[in-house]
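Chemist: Summarising the annotation, TrEMBL assigns domain 'Heme-copper oxidase subunit III family profile' to 9-262. Residues annotated as transmembrane segment in TrEMBL: 21-39, 45-63, 84-106, 126-150, 162-183, 195-222, 243-261.
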Amino acid sequence: MLSVVNLVKRCPFHRVDPSPWPFLTAWSLGVSAMMFAQFLHGDPFYRVLVGLGLAVTCIYWWFVDIVTEGTYMGKHTRRVQRGIRIGFCMFLISETMFFASFFWAFFHSALAPGMALGFFWPQEIYTMPCWGLPLLNTSLLLSTVFPCNMAQAAIKASELKIALYTLGLVMFLGACFVFVQGYEIFTAKFTVADGVYGCCFFSLTGLHGLHVVGGLLFLFIAWNRARLGHFSSSRHLNLTFSIWYWHFVDVIWIFVFSFIYV
């Protein structure tokens, strides 16, 4: 009869040790949201940066633990990787539903404006034109599609330098997008308080911008791990997820540009 020790050794699944990072990450994100709400009421912006800094720090050390378990301790077996793939796909589905709720709010008022909106859409405010900066941002994001796929193909072909260069290009273009988007938001001629259109516009563009920042963080972690030699032609799940997430951000922006701007 097999002993408990042998059963533990033969178990293909990873029993995760207790970790403080999920709780601390959720707490720091809550602090960031609270600081941002206070910023909208006149508090200094550096408090928002403090909250975001705490969140990034917690996420960083969470990733350190995951990388240690998967790369150095060998706990990410094929079955574990399959479960992680399913979990990440479910995460992308939940993110899709999250953005769908904001699009629903937008179309609910845009397609059938009620008496509260004066039966007119958009309300009498300055709307953001679709040309200029929005079109530039669309070009920046769409130009990252090919380098992303090229980076994954380079890793599969064991061409590390090409993968690093292409991932660096993607991160540079993504950073340019964030800069342009931030400039557009801070120089807009209307605010989040200007009716349903203003609320939906800033909610969708702002949340998408935060997701772009998260995608840049994922890509930077994948780039750094590739530089350290953590990936092989057959094991590069972190890079795959980073590229999936970046493509998800691209698709969401296409919807934002098509319906909010155009």
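Cβ coordinates are placed from backbone N, Cα and C, and glycine is handled just like the others.
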Chemist: Go through the chain and flag residues at least 6 beyond the ends of the transmembrane segment (162-183) whose CB is under 8 A from any CB in it; none is fine as an answer.
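Modeler: Same-chain contacts beyond the flanks: 133, 136-137, 140-141, 143-144, 147-148, 150-152, 154-155, 205, 209, 212-213, 215-216, 219-220, 222-223, 226-227, 246.
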Chemist: Under 8 angstroms, Cβ to Cβ: which one of 84-106, 126-150, 195-222, 243-261 has the largest number of such pairs with the transmembrane segment (45-63)?
Modeler: 195-222
Chemist: Is the transmembrane segment (195-222) packed against any residues at least 6 beyond its ends, judged by a Cβ distance under 8 Å, and which are they?
Modeler: 56, 59, 63, 95, 99, 102-103, 105-106, 109, 117, 121-123, 125, 127-128, 167, 170-171, 174-175, 177-178, 181-182, 184-185, 188, 238-239, 241-242, 245-246, 249, 252-253, 256, 260
